[in-house]
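Trainee: My structure is below; once you've seen it, I'll send some questions.
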């Protein structure tokens with residue numbers, strides 16, 4: 001039965017042998033300093049000129065260019081003109097019909113320049129800068145991190161309030177005496193709170209990060225890592241806030257811009273490219289958040305002190321709040337598109353789920369804000385219930401932000417280890433680090449019964465389950481001496497290995513392992529996995 005089944009599975013492979021690619025330009029696995037002007041596939045016989053496809057995909061599995069493939073006069077060469085290609089890992093996928101009616105399909109990769117590796121959870125790990133091994137960034141929510149979450153929530157609350165108050169002092173140039181008195185009353189306590197919280201924030205984060213490492217590594221943390229230097233700048237700016245409070249509105253605004261800039265530079269945005277764009281988006285998002293949060297707290301404080309002045313300030317605040325939320329929405333959506341390969345990733349991690357929760361709370365803020373603006377435009381005072389509701393929603397958003405900025409937007413890629421034992425064969429497949437677009441190491445170990453002997457042929461193919469129309473990518477395995485190979489009584493084994501970007505983009509994959517014995521029986525094993 002097995003022989004019959006595997007023979008049936010083998011039929012497409014045998015059929016597609018009627019037309020074989022003799023030359024690929026660029027070649028499979030080729031590394032080029034400059035992108036090719038076209039893809040060219042030369043076959044050993046003619047192919048149908050009006051049927052089939054040839055396309056090139058980028059690192060996000062998006063088709064590049066809009067040109068149609070061309071067939072040579074003799075029908076044996078298929079080519080595709082390309083636009084200028086940036087550095088990256090590219091996938092060529094072809095599907096044609098040979099002149100005798102048999103389908104031929106496949107995929108391969110080539111590399112242009114020296115592309116950066118795809119971003120995953122490991123890119124957010126400051127231990128990499130310190131040379132520490134065995135540490136990963138958090139991608140999950142854990143109860144043991146409660147203290148870290150609490151201090152981060154307090155930090156973001158103090159940061160938003162301090163930056164927001166100073167921005168409002170620069171914006172509200174013709175503020176009423178009551179408004180000025182309330183703002184000045186809040187500024188010094190807020191400055192003191194910010195300094196204490198920043199010191200606690202840096203101390204707790206640093207001690208947690210350096211747990212188990214010598215004290216000498218603290219110098220590396222604060223002197224050699226971008227995160228450590230950003231923490232030092234936060235402390236300096238928190239101390240500098242006290243003299244800044246005695247200066248004019250322009251200096252106050254500069255201080256707010258600096259501290260929000262430092263936070264943007266040390267956040268998730270700094271990992272992505274183009275870095276300038278992502279950091280700028282994060283800064284705009286934080287500035288909008290600070291204006292909204294600082295203005296809301298200021299409005300509530302004025303409302304308790306002088307209702308008449310609160311009514312006047314509410315009109316100015318409602319306009320700025322509407323603008324701030326619009327800016328936060330646009331910048332937040334843009335950052336999400338930069339951070340995640342697709343919106344499906346929102347469902348894969350706690351980060352994505354918390355972003356969905358934050359979005360829902362922001363929608364409630366819009367409802368409350370619309371009600372407040374409606375009352376204000378009618379000349380009515382903002383009611384206490386709506387102000388308290390807005391403050392409560394603001395606190396909830398800050399709590400969510402304090403937590404989800406601690407965990408990484410992307411899941412961690414785990415190395416693949418698949419082992420299966422059976423009467424006909426044992427096999428072990430390893431793929432490490434299982435990172436899209438990276439030079440992953442593929443190793444396949446196969447053991448066959450001694451009476452069958454070593455395998456006649458062993459093939460490993462990577463098939464995209466997200467893009468089933470693409471042909472399989474053949475991994476060019478070669479024998480190697482494996483010192484870790486296990487011995488199984490009654491079986492003879494062999495080890496094969498390859499290294500290269502044969503997982504060119506993130507998604508769901510199927511590893512197809514085809515072993516042909518010396519009796520020409522084929523054993524096929526498939527294993528599904530994914531990377532991010």
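Placed from the backbone N, Cα and C atoms, the Cβ positions cover glycine too.
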Trainee: Among 227-245, 417-435, 436-454, find the range that TrEMBL records as transmembrane segment.
Mentor: 227-245
Trainee: Which range, 122-143, 386-407, 474-495, does TrEMBL list as transmembrane segment?
Mentor: 386-407
Trainee: Taking residues 6+ outside the transmembrane segment (189-207), which of them lie with a CB under 8 Å of any CB in it?
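Mentor: Distant Cβ neighbours of the transmembrane segment (189-207) are 147-148, 151-152, 154-155, 158-159, 161-162, 165, 218, 221-222, 228, 231, 234-235, 238-239, 241-242, 245.
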Trainee: Per DSSP, how many helix, strand and coil residues does the domain 'Copper resistance protein D' (312-403) have?
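Mentor: Going by DSSP assignments, the domain 'Copper resistance protein D' (312-403) contains 81 helix, 0 strand, 11 coil.
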Trainee: Average the per-residue pLDDT over the domain 'Copper resistance protein D' (312-403) and send me the rounded value.
Mentor: 85
